[in-house]
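Just below is one structure, and these are the notes that go with it.
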Amino acid sequence: METKDMMMTSMLTMDKGENEGEGHKGREEVGGGEEGTQQENGKPMPSNGFTTSTPQSPREGPGTAATPGGTASGPGGDGAGSTAPPGGLRTLVVQQTSLERPRETWSKKMDFLLSVIGYAVDLGNVWRFPYICYQNGGGAFLLPYLLMAVFGGVPLFYMELALGQFHRSGCISIWKHVCPIFKGIRFAICIIALYIAFYYNTIMAWALYYLLSSLRPTLPWTTCTNSWNTANCNSYMSTDHNVSWSNSSTSPAEEFYTRHVLQVHLSPGLHQLGSVSWQLALCLLFIFTIVYFSIWKGVKTSGKVVWVTATFPYLVLLILLVRGATLPGAWRGVVFYLKPDWEKLLSTTVWIDAAAQIFFSLGPGFGVLLAFASYNPFHNNCYKDALITSSVNCLTSFLSGFVIFTVLGYMAEMRQQDVSAVAKEDAGPSLLFIIYAEAIANMPAATFFAIIFFLMIIMLGLDSTFAGLEGVITAMLDEFPHILAKRREWFVFGLVCVCYLGALSTLTYGGAFVVKLFEEYATGPAVITVVLLEVIAVSWFYGTTRFCNDVHLMLGFYPGCFWRVCWVAICPCFLLFIIISFLAFPPEVRLFHYHYPQWTTVLGYCIGVSSFICVPAYMVYHLSDTFTTTGTFCGVWVDLQTFAFSHEAPPGNFRKMS
């Protein structure tokens, strides 16, 4: 330790000689010394031996950054990018070993923004928001949605970006610096990310199958003359007015989806899933191949891929919006979508749906925002990024509603039905693969619109998959750098293989039932509970004062009272409200005509608990370990107060604002 301190002091002295005359303001005083101590309130503080590996990291402060060869000026050169807090200079302890490599960074700012937008804007923006909106009062729903976004979603989004950027760590190693007793959160996040990878990519495999089926003059879900069709198949768009309709009638698009793509008629339920569909297995293999070669080299490669995958969906949405607006009956869908029903706001269900929708749309708690922000320059304006990306996400959801409901209005016009009768499908894949697919099939240039539509679905899903897996990869590389740093490609390959094998159950004849089960239970209350604990750890244990000081070091200003109140009180209440609502009013899980039996509910809760259980289990482990070390419960309480659950103190313990 003494040798490392002397080496670091020598390097900083050399850098000081090079930069004399530049008027370096707010320069850090680096204490090496034989004892490696700092003075705080007249008392010596022992060096925690923290090792920094990244340029422009918070450990070096905003003005200088330690590198293997010495120190380098951070953004702004003279350290003026951040104003020192009142009272004087910052006193930091900086140590670095030459064995560590500089942290990877984004090639361009737009790479980061597009990656975050691509992650936040996913399939749920296209199918879930429009459905939730019209179910909960149309235009009136926008009021609770915006309120939940302003007071709940955006503050959480901002907090995660700031945490990741300041500590430059993934969702595992960051808890060593924030509050080590909550380290169990890291394992829960990784398990949840794997569960999502098990089922989410299967939806893209379905879309790929549709895309390949669209490469023909006549789309296969337009007629009832195919081998998979039944006697009940009737086309709503048929020009034959002698066709008789009944409650048992099904459309060709519905039968193509259920009997040809999914083949759910061959599975009676979750108790008997049936064989794996080799066609879907090949489609999923192709999807994971794209995923692997997009993320295997890190953000340098994925940051380039998102220029296509994150922007192409907006081009398609614009094309579909223009086309939908020109269809007969489109206005009926728009009126149905936006017509406000203010009485709905008196229902708690509306507020529950608004809170859940904005939370899952922005996506805090999955480790992705922490990972992406950790590759930013230290002085990047993450506050501005949070406002931009969250606004784009909300506006995209609103725009998607017009894209969907102009087509639903057209369908209602053609069927001579109310829009409500057409829009009765679930807020899930059925809206895309049945209703919208049928509408496209009856448009002029149907093949063209089908190709670009399902390409859009695939790219929306790819962005989210890139982000979800990158969150896990970053976390593991940060936690085990000496093992995985030089083996990233092989680790990513192994992770992708695990995800593919875990998804095989979703490729069976009853795979759609498995997808629904994972969607309802694997990511619902578990991830919300994890984020609740994350907010508590940061706001109550790490402390909003310390966190705001961190933000000040990066951005040069302190977060206002609004953000502090949100982090301390409103966000925890916001998340607790969603959790209690879910437990008090559990959703009825069904798919098509299959109602999930009671044992599947127990199975679903077990899946959800399997990830969350990591948090209390780790707390018990550390408390028992601390009690064993100190021998008294008093020692446990002292450690809880000072976060001394590891030999590495959080940065707030040794950064002195004097």
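Just so it is clear, glycine is given a Cβ too, placed from its N, Cα and C backbone atoms.
The annotation in TrEMBL ties GLY118, ALA120, VAL121, ASN125, SER361, LEU460, ASP463, SER464 to Na(+), and of the candidates under consideration, ASN201, ASN226, ASN393, ASN549, the one tied to the same site is ASN393.
The cysteine that TrEMBL pairs with CYS233 in a disulfide, picked from CYS190, CYS224, is CYS224. Here the listed stretches are 142-163, 305-331, 521-542, 562-582, 602-621, and the one with the most C-beta pairs under 8 angstroms to the transmembrane segment (351-375) is 142-163.
Taking residue pairs at least 6 apart in sequence, the transmembrane segment (490-515) and the transmembrane segment (431-460) share fewer than three C-beta contacts under 8 angstroms. Between the transmembrane segment (112-130) and the stretches 142-163, 184-212, 387-411, 521-542, the greatest number of Cβ pairs separated by less than 8 Å involves 387-411. Each of 142-163, 276-293, 305-331, 562-582 was scored by its Cβ pairs under 8 Å to the transmembrane segment (490-515), and the highest score goes to 276-293. In this chain, the transmembrane segment (184-212) lies out of contact with the transmembrane segment (562-582); the count of Cβ pairs under 8 Å, excluding pairs fewer than 6 apart in sequence, is fewer than 3. Within 8 Å of the Cβ centroid of the Na(+) site, not counting the listed residues GLY118, ALA120, VAL121, ASN125, SER361, ASN393, LEU460, ASP463, SER464, the chain contributes ILE117, TYR119, ASP122, GLY124, GLY363, THR396. Among 142-163, 521-542, 602-621, 602-621 has the largest number of CB pairs under 8 A with the transmembrane segment (184-212). Within its own chain, the transmembrane segment (142-163) has Cβ neighbours under 8 Å at 133, 136, 174, 178, 345, 350-351, 354-355, 357-359, 361-362, 364-365, 369-370, 372-373, 382-383, 385-387, 389-390, 394, 398, 531, 535, 538, 547, 550-551, 554, 563, 566-567, 570-571, 574-575, counting only residues six or more beyond its boundaries.
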